[in-house]
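See structure below.
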Amino acid sequence: MDSQKEALQRIISTLANKNDEIQNFIDTLNHTLKGVQENSSNILSELDEEFDSLYSILDDVKESMVSSIKQEQTRKSQELQSQLSQCNNALENSEELLEFATRSLDIKEPEEFSKAARQIKDRVTMASAFRLSLKPKVSDNMTHLMVDFSQERQILQTLKFLPVPKAPEIDPVECLVADNSVTVAWRMPEEDNKIDHFVMEYRKTNFDGLPRVKDERCWETIDNIKGSEYTLSGLKFDSKYMNFRVRACNKAVAGEYSDPVTLETRALNFSLDNSSSHLNLKVEDSCVEWDPTGGKGQESKVKGKENKGSAHVTSLKKHTRSGTPSPKRTSVGSRPPAVRGSRDRFTGESYTVLGDTAIESGQHYWEVKAQKDCKSYSVGVAYKTLGKFDQLGKTNTSWCIHVNSWLQSTFAAKHNNKAKALDAPVPEKIGVFCDFDGGQLSFYDAHSKQLLYSFKTKFTQPVLPGFMVWCGGLSLSTGMQVPSAVRTLQRSENGMTGSASSLNNVTQ
């Protein structure tokens, strides 16, 4: 019966996944169909605009040519009309002179005839008819303004759609996800020397497989990529996967997108748990700050030194320079009721806040940066069972690295109420590496990746990131992969670092 139920559950799960996959494909088809309709309409509009532009150019050229022909017609007509007018005038004068000369032949008196002959000779000498050019100044030939658009017609007849680059092919084997960077590599299915650049789009997702249309973030674009690979760096991996696609562009048009590729970008993401943090801590998702006014219901007093077991109580001003109670010397007179969340709220001297996500397996990494004036803080991990009065490193259920600059400087690894001083400068930012299955908790200088200390143990329960802060604040960076340098150091440093066992003989 139980085996049949398990088999049925597997069938139900398979069917649900398949239905989800088919629904996603239906959404993709509908989205594509809508895109075809919208893009076709846009392309038709653009085609109309292009042809209208061609028509406009042809109209302008025609108008210019017609104007040239008319100007040439006017010029030649004016030249011929002028020449014609001159000829008509010359002919009229010549006919008059001819008539006068003919009449002169009938003159009988010699003296009068001689006078008329001299006049005729003088008038003939000055007659315009003998100075005219009897050749037309212009011809009627207009062939220099003829056109032959046969070549242009052939060009127009060869008009066709732009050559579109083929879709690139992303090679998942050549893609690399490391150190919160993603390198995407692709190639063209065939050589195309007209490609000018590539465009890559990416988005984060929590779904494996083909990208979804619904319930997804928008694509982000990287334009003008000249090579055949691109690296996105400085990413926060706050999703399980990232989708990538690429298309090629020539000088005129962009081609189809490549088939999308989904790359895994898993990393530990957590926030600080405000529901159980100490009342004197002001907590946001990724930062915590000491707030002495947060526990207004607490009456702060000062204990004697812990290592002497003194019960002597003095005024706060005698032991502090800033008037702020020390994390080691503050006692609580009256405490407000605990705020119930997933656990009791930390109180008393435990100025602690935990992460809201438990680590139950795998290797994880996060970084913590303290404010410059922070007097005391601890960074580490703890079991969920850490008591509300317990301080990090003072129980066998918590491991931490502790920094103190109040009264005297301390930089130590702490576990089970024992400490080991660390011979290293306090880094600006501390990297925390937790290998749950390997039973290792290591601390690094986040910038240089220098190993500060490693605990070796066997985690018997899920652990939570833990933080203590007094007189200052901490900021948290999550969504980070284990850096390559840390992985390399882990392989080379195993067996060469300090461990929790080395704290057993060291008294705090």
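In case you wondered, yes, glycine gets a Cβ from its N, Cα and C as well.
What you are looking at is a predicted structure, and each value in this text was computed from that prediction instead of being measured.
Going by TrEMBL, these are the annotated features:
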COILED    70-104  coiled coil
DOMAIN    105-162  domain 'COS'
DOMAIN    164-268  domain 'Fibronectin type-III'
REGION    291-346  region 'Disordered'
DOMAIN    298-485  domain 'B30.2/SPRY'
COMPBIAS  298-309  compositional bias 'Basic and acidic residues'
COMPBIAS  322-333  compositional bias 'Polar residues'
Chain residues outside the coiled coil (70-104) and at least six past its termini with a C-beta under 8 angstroms from it: 113, 116-117, 119-120, 123-124, 127-129, 132, 136-140, 142, 145
Counts by DSSP class (helix H/G/I, strand E/B, coil) across the domain 'Fibronectin type-III' (164-268): 3 helix, 46 strand, 56 coil
Counts of helix, strand and coil residues, the domain 'COS' (105-162), according to DSSP: 31 helix, 0 strand, 27 coil
PLDDT averaged over the residues of the domain 'COS' (105-162): 86
